[in-house]
Structures are given as structure tokens and as C-alpha cells.
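Read the structure below first, then the notes.
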Ligand SMILES: *C/C=C(C)/C=C/C=C(C)/C=C/C1=C(C)CCCC1(C)C
């Protein structure tokens, strides 16, 4: 009988030069470990920060479950698990937008800011999926549309409304917002590189030598776990300050 635990006991043969398989395996472990860490540390903080840490835990937990399936898919079929990949992203990237809102809420962030970021991220991911999985012949065009949505997100958080709110909040919130902005500008820019490595187009000569899944897996580890740690750090700093004044 086959069930979701089967791969555990089959112990699939992993070739020593299977870098994609290796990064799926390590990525799965890292996401699990990060989830346990965020879930357990959640209760060390007061209510204001608990939700943010919980969302960090959910992001890495959702990724851990998808990595579990992607790892298995890769060993079974030897293909990119594009479907699982995008289901993971469509759940976790909007949650990262929620994180921006949550840390700026105290400074007066409105829900509309959160929905705008979520909307843009969904456009970015759905058009990316079309280019990668449905209309591969026009991958460059869908990638371009996706890239425009990505740049609007970058603009909003670096220079738009979110930035103003972060400045009003000041202190640790402003510092954390800055770091998260860098994650989106540099860390998220890893993904278009993976996309260009894995789809046909004029850019094949530049990125064709890279393994798309390795690039995506590195991006996920940096962005999901790193993002969570920035929030965790903010909660630690903000909570210790609150305790001093009590
Ligand atoms: C945890 C997962 C994260 C943070 C995923 C982020 C994904 C992106 C920023 C993807 C962006 C893309 C483009 C900007 C253009 C090409 C298509 C995509 C979807 C790979």
C-alpha cells in the first residue's frame, strides 16, 4: 500500500551528483526545523508579536509540506515539480505581504495596503506560472508581465506608502522594514534568474547552464527562513524594550 509515508521507507537512491535532489532534501529539513523553531518561540512574545511569528511559522511550514512532495516528485519523475512549486508560492508569498502589514499596523497601516501587495503578488505568480507551465513559447512575455508586478511591489515597499509608515514607526520597526525591503529587492530577484534558466528564450545563453530548481530552492531557503528570522529579531528587540519600561 502506498501512502504519503512511503518515500520515508523506500529510501530512494540519491545520486551523489543530483544537486536538485540534494537541495530538495536539505530544503525540506531546513523548512521543518525553522517551523518548529518559530512555533515554539511564538509564546515567548506578547500578543502584538505573536501573530507575526505565527505567520513566519506558517510560511516555513507550508513550504516544508510542499518540499516533502516536491522532493518525492523529483525522485519519482526526474522533472521539475512546477505545480507544487507554484501552489507553495501562491500561499506563502501573500503571507509575506501580510507580514509587511502586521509590522506596520502599529504605525497605522491600512488593510488596503496589505490587499494591494497581495493582489500584485498574485499577478506576479499567476503570470509566471503561465510562462513556465502553460505558454512556454512566450515565456519571455509572461516573465516580463510578472516582472512588472514585481517592480511595483518593490516600489511600494521601498518608496511608496509602506515606506512612509515605516518611517513614522521608526526604531526597530523601521530597521526591520528596511531589511525586509532588501530581501524583496535582492532575495526575490533570485527567482527571475531561475525562471530564465528553466524556460526557453533569448536569455538561454546567459542562464541556461543553471539548474532552475537549485536556483529556486536556494531562493526559498534564503527568503522564507531569512524573512522569518528578521521578524523574530524585531520581536526580540521590541519586547526587551517594553520590558525595560515596565
Ligand atoms: C517563498 C517564495 C517566494 C518568496 C517566491 C517568490 C517568487 C518570485 C518573486 C517570483 C518572481 C518571478 C518573476 C519576477 C518573473 C519571472 C516569473 C517569476 C514568477 C519566477
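Backbone N, Cα and C atoms are what each Cβ position is placed from, and that goes for glycine too.
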## Note on the structure
Of 70-88, 89-107, the range TrEMBL tags as transmembrane segment is 89-107
### Message
Using a Cβ cut-off under 8 Å, which residues of the same chain at least 6 positions beyond either end of the transmembrane segment (171-191) come close to it?
### Response
99-100, 103-104, 106-107, 128, 150, 153-154, 157-158, 162-163, 215-216, 218-219, 222-223, 226-227, 230-231, 233-234, 237-238, 241
### Message
Under 8 Å between C-beta atoms and at least six residues away from its ends: which parts of the chain pack against the transmembrane segment (89-107)?
### Response
48, 51-52, 55-56, 58-59, 62-63, 113-114, 117-118, 121-122, 124-126, 157, 162, 165-166, 168-169, 173, 176-177, 180, 223-224, 227, 231, 234
### Query
Can you name the far-off residues of the same chain, 6+ from the ends of the transmembrane segment (140-159), with a Cβ under 8 Å from a Cβ of it?
100, 113, 116-117, 120-121, 123-125, 127-128, 130-132, 177, 180-181, 184-185, 188, 192, 195-196, 199, 201-203
